[in-house]
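Summarising the annotation, TrEMBL assigns transmembrane segment to 12-31, 67-88, 95-115, 135-163, 218-241, 256-271, 283-307. As annotated by TrEMBL, domain 'Cytochrome c assembly protein' applies to 67-308.
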Amino acid sequence: MIFITLEHISAHVSFSLTFVITLIYWGTLIYKSEKLSNSGGKGMIVTCICITGVLVSRSLYSGHLPLSNLYESFMFLSWTSSMIHIVIQLRGQYAWWLGAITAPSAMLTHGFATLGLPDKMQESAMLVPALQSHWLMMHVSMILLSYATLLCGSLSSISLLVIASQINQKIFLNVKNYFFFNKNWYSHDQEKKELKHTFYLSLRNYRKWVFTNQLDQLSYRTIGLGFSLLTIGILSGAVWANEAWGSYWSWDPKETWALITWILFAIYLHTRINRGWKGQKPAIVASLGFILVWTCYLGVDLLGIGLHSYGWLL
């Protein structure tokens with residue numbers, strides 16, 4: 001009973017923290033403040049500790065690793081998002097804007113688990129026979145870790161595309177205005193104002209260009225890690241499937257979409273490593289991966305078909 005109470009308290013505290021931290025990091029995008037960024041980073045550490053308390057408490061009173069249903073997997077996904085933030089922050093990289101990606105990810109996954117799912121689906125239950133295996137920790141944890149890192153990389157690519165489109169639009173408008181003012185022979189004072197305005201916008205565009213390069217590097221590194229984790233998860237799942245069902249691969253909907261997701265991110269890494277693509281082209285591929293990851297993770301389960309339907313929505 002005490003573990004259940006501790007779980008509920010930790011869940012409510014951690015969700016409240018993720019909501020406040022999300023607002024803090026979104027505020028740093030408008031008003032860059034080192035104090036706000038530092039407070040958000042400390043808040044993410046406290047949030048990670050609280051979610052760890054949720055998972056540990058649930059593990060203690062259920063008697064198994066808390067990765068057996070949709071609620072537990074979403075909580076683990078939220079915990080992973082906060083851990084990704086902490087690890088990257090400790091490396092001293094992308095500190096002030098990283099939380100604008102990781103904090104909303106942690107908040108939305110946490111909120112869906114605690115507020116979006118009915119109480120019955122949040123209750124811990126006995127493991128079905130197929131899940132009573134030592135492969136549960138290896139396979140499911142690797143898959144969920146890969147989902148979190150791939151989603152973080154994909155969101156970075158989506159942010160890159162949004163910012164890059166704004167830069168391209170402003171450059172086009174600046175060039176158009178330059179030719180317009182020269183053609184119509186505006187006064188010297190007006191021309192100075194336009195040149196000053198153009199210089200200011202060019203400086204802002206340069207900062208955004210640096211920002212997009214950072215997003216590109218973050219996306220590349222996190223997707224590289226997520227791809228490795230997904231590979232391990234698929235291989236361990238194949239071994240587990242052979243033990244449980246007698247075949248390594250059965251073209252189950254979950255397996256099929258996992259393979260499609262793996263192929264897409266393999267294409268992304270191929271274009272980066274062998275083709276030398278950078279910036280918007282590989283970002284488009286990674287953005288498609290955002291849809292595929294959610295389709296594989298949640299979309300297939302909504303259909304309630306296949307060998308992976310138990311322990312989730314049905």
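Note that Cβ sites are derived from N, Cα and C of the backbone, with glycine treated the same way.
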**Complete:** Best-packed against the transmembrane segment (95-115), counting Cβ pairs under 8 Å over 12-31, 67-88, 256-271, is stretch 12-31
**For the domain 'Cytochrome c assembly protein' (67-308), mean pLDDT (0 to 100)** = 79
